[in-house]
Amino acid sequence: ESSVGGPFLQPPGTGRIEPNYPKVCGHQGNVLDIKWNPFIENIIASCSEDTSVRIWEIPEGGLKRNMTEAVLELYGHSRRVGLVEWHPTTNNILFSAGYDYKVLIWNLDIGEPVKMIDCHTDVILCMSFNTDGSLLATSCKDKKLRVVEPRSGRVLQEASCKNHRVNRVVFLGSTKRLLTTGVSRWNTRQIALWDQEDLSMPLIEEEIDGLSGLLFPFYDADTHMLYLAGKGDGNIRYYEIGSEKPYLSYLMEFRSPAPQKGLGVMPKHGLDVSACEVFRFYKLVTLKGLIEPISMIVPRRSETYQEDIYPMTPGTEPALTPDEWLSGVNRDPILMSLKEGYKKTSKIVFKAPVREKKSVVVNGIDLLENVPPRTENELLRMFFRQQDEIRRLKDELSQKDIRIRQLQLELKNLRNSPKNN
């Protein structure tokens, strides 16, 4: 989740890593979000307080030294960038949401933003795609839940959440339902289930507890299971999602005394199918300075492959090119079986585009015009430069005032001289 901060690490395995272990540290401000590319396994997108989105290529075998050079630096937001999200079925399409209240859609084949979603009136808190990436759900600080057609930016559905202040939203696969986590009017943590085609009222609302931390939702479409993890506590609750009422069945709760600040998830093709592992979290425990794996395992005695818990699942091959998706084509993800275990079959490599343009025009607006300073030092330098410029202009103005008064006096003297009479 968006609680990364600073540079980020690529640890080698288990155990304590060296204090000087190499990091990815090219941003000039705190890193606010990172996401692995779903189709090219050594590519990461990150975004930062420095207003940039950057694409990093992790070398085969991991980092040997600090990485400061990104393969691509993307500038288009005028304020810090809080979220990045890869399109689920299209290669090289990346979404970023900034504190300028805009969502930019980047085509990484050309390294430029190609669309801008400009319907939000405050900071965007969360973005989630449906299965084929034809719809984008967003939660926003303006207390609205939106379902947006991403290519046109058209808002298809909108809910004003007065009784349920939405923080996070997740599409529940291809069920045409959304799940949100948030806060009730009594300041208790709450979840709500919505029909994506009618956001006028939630289908159900359920109180969770009286704690104050965010609830991170994770949905596994293969097992129809929803996981709710609380920020600042150590609990992960899990539910089964059904198509009939009551829609939501509580199963169990994983408890731990170590509070989590954020969680990452292992992609399906990285799970241990021989142990019947159906989900794996990577829990960030900042108090201990560690990342702890938490595996969700279905207890089975059989040694054979369990088809019922491992249906065909979205794989590592993209279904669309950026041009196809931008032209209006939607396609379901290309599915893979986990039966043979994961083999690196994707032949896609990331090729950074060569860019010379100095302007970035989207929807007729040049996004790079008057780009603000990206760090505190840059801001201070710009402030002192502007102070010097203001002083210089004031001096110039006072010199001009003196000169004007001199010229006015000379003119008056000329008019009053006896020759003119």
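Cβ atoms are placed via backbone N, Cα and C, with glycine included.
Taking TrEMBL as the reference, the stretch among 138-165, 362-389, 390-417 described by the feature coiled coil is residues 390-417.
When averaged over the repeat 'WD' (74-116), pLDDT in the model lands at 96. Within the same chain, residues 2, 29, 32-35, 37-40, 45-55, 122-124, 126-129, 131-133, 136, 138, 150-151, 153, 314, 318-326, 330-333, 348, 350, 352-353, 355, 357, 360, 362-363, 365, 367-368, 370-372 sit at least 6 positions outside the repeat 'WD' (74-116) and bring their C-beta atoms closer than 8 Å to a C-beta of that stretch. Only residues 6 or more beyond the boundaries of the repeat 'WD' (117-158), in the same chain, are considered here, and those with a CB under 8 A from a CB of the stretch are 82-83, 85, 87-90, 95, 97, 99, 101-105, 165-171, 173-174, 178, 180, 182, 194, 196-199, 221, 314, 319, 325-326, 328, 330-333, 363.
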